[in-house]
Amino acid sequence: MALRSSDPTGLQSGVAKPSRNSRKKKKQKKRKEAIDDFPVIPEDPVAEQCGNDSSGTVVESTSENYGIRDNGNVNKISCVGSGSVVVVEESVCQNVCGFGELRQRNVIGGGEEMAAVASRAEEDRAEMNGSKEPLPPAQPEPVVNGNVANKLDTAESLDWKRLMSEDPNYLYAVHKSPAKYFLDEMYSGNSLRRTTTLGSEKERERVYDTIFRLPWRCEVLIDVGFFVCFDAFLSLLTIMPTRILIKLWRFLTARQFKRLSAAELCDFGCFLVLACGVILLGQTDISLIYHMIRGQGTIKLYMVYNVLEIIDKLCQSFGGDVFETLFNSAEGLATCSQENMRFWIRRFVSDQALAMAFSILHSFILLAQAITLSTCIVAHNNALFALLVSNNFAEIKSNVFKRFSKDNIHNLAYAVERFHISAFLLFVLAQNILEAQGPWFESFLFNAFVVFFCEMLIDIIKHSFLAKFNGIKPIEYSEFLEDLCKQTLNMQTEDSKKNLTFVPLAPACVVIRVLTPVYAAHLPYSPLPWRLFWILFLISVTYVMLTSLKVMIGMGLQKHATWYVNRCRKRKHHLHFD
């Protein structure tokens, strides 16, 4: 529908108002008739204002129709008068189904004309919609100059080519040739500048810490921890039996029972656990377990070993708590009054039974793990290498890519896997002595070296990258070693939870069970008194050897711990400080 322009001649001659009102009524009648058939855009009263300006100047009014999609019409009315420009754009859109219409009016101008146009547009919407709620009018955009329409300020900023040419650090020019690109790449610096960054002195220190400094300190810490565990193992086989024999001798000579101290109760409790474990393991048929593990085809040998190792670590963690509870009950029983004696006796007996059951279970786990390792070494299908690869790399995966605190790494550095591996290799040696035929010692040495080397290499890699990913400096491993030395000297530390916890009862049961057949096989065939003599002689020789080894290792650890702690106190830094 087209809008009619007001007659300029009528404006100049001053046409009477009644004639104009009659024309307006006729237009409204025609508009209502058109609305009944099809929604159209009514003539805007702004045209009248443009035609009759208060300043008395000539006003030009233009009206254009623009068609849009979906049955939509666009009316645009431009009025110029009194030094200002008023542009009214009105669009009516009706959807295909005819459910409603959308009317939008944009007014560009300045001064009083904008307010008048906005108010008249609101009245027009109210007339068209009837009882419907009118749509909110379009807010006029503010302009710097009211006489000039707005202009897109970011038009130049959207010129991509211009931005690329003005940027001195642009990465890819639009008109760059392949030859120029190649020459720029040749002379633009480091070839890996896009994927790497320049390091600092701190990054260089981290690299050398990971490769050189931390592996050395970690290996020193693990080796000292191994000898601390070995010293505890020898104490269980030498010091504890000696103290029990002395106590029994005093009881037989004095023939007077005295309340046992806490240390004596702990010794008797550990001796009872050790004796029961050795007796029960002595009833176990090792060859039957060996053939059961080797003959089954459901689970691979390395999987069996990994499962047993996980159970072993759980037993280590829980076993320390069990024996701490037992020693606490022994301390309470030794210092309690007569009124609370029954309570503490019941508590000590229950803790003793729990410790005994748990230690026996742990002993069977270690025995099965030793038999599995022996099966892998004896097998001729590279089962040992498959076990080492799967076990060691599974350990790296489970530890390296996790977040650890300093205290967790402290406890992880005190792992006792190497001592358990030594007990397993002693089991393999005893089995070869009893059953092997032909030259076997060189093969055993080679396999033992491979197992220890792989364990050492995996520990170095694990702790190096643990320290790298968690921000642990090599000097902190020296602090761990200082705490271990203080524990060796029985010095009080700030946190007792950081101490090395190792209960050698289960490994001792396995070692005694393994070495007993070796001693029995080398006893001479003679009458019973001579056999008893040879048994006592071998036990005495073994005791003297173990006691001598205990004294050497214990004194060495004491001297090393004293020297290291004094060095840390005097020089205010740790060993191997770079």
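Placement of Cβ uses the backbone N, Cα and C atoms for every residue, glycine included.
Unlike curated records, TrEMBL annotations are generated automatically.
As recorded in TrEMBL:
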REGION    1-64  region 'Disordered'
COMPBIAS  1-12  compositional bias 'Polar residues'
COMPBIAS  20-32  compositional bias 'Basic residues'
COMPBIAS  51-64  compositional bias 'Polar residues'
REGION    124-146  region 'Disordered'
TRANSMEM  220-240  transmembrane segment
TRANSMEM  260-282  transmembrane segment
TRANSMEM  353-371  transmembrane segment
TRANSMEM  415-434  transmembrane segment
TRANSMEM  440-458  transmembrane segment
TRANSMEM  500-520  transmembrane segment
TRANSMEM  532-553  transmembrane segment
Which listed range (220-240, 260-282, 353-371) shows the maximal number of Cβ pairs under 8 Å with respect to the transmembrane segment (532-553)?
220-240
Range from 260-282, 353-371, 415-434, 500-520 with most C-beta pairs under 8 A to the transmembrane segment (440-458):
415-434
Contact set, same chain, for the transmembrane segment (220-240): CB under 8 Å, 6 or more residues outside the stretch:
267, 270-271, 274, 413-416, 418-419, 459, 477, 480-481, 484-485, 487-488, 500, 502, 504-505, 507-508, 543, 546-547, 549-550, 553-554, 556-557, 560, 575-576
May I ask for the residues of the chain that lie six or more residues beyond the transmembrane segment (500-520) and have a Cβ under 8 Å from a Cβ within it?
225, 228-229, 232-233, 236-237, 270, 273-274, 277-278, 281-282, 284, 315-316, 319-320, 323, 359-360, 362-363, 365-367, 370, 414, 416, 419-420, 423, 426-427, 430-431, 433-434, 484, 487, 535, 538
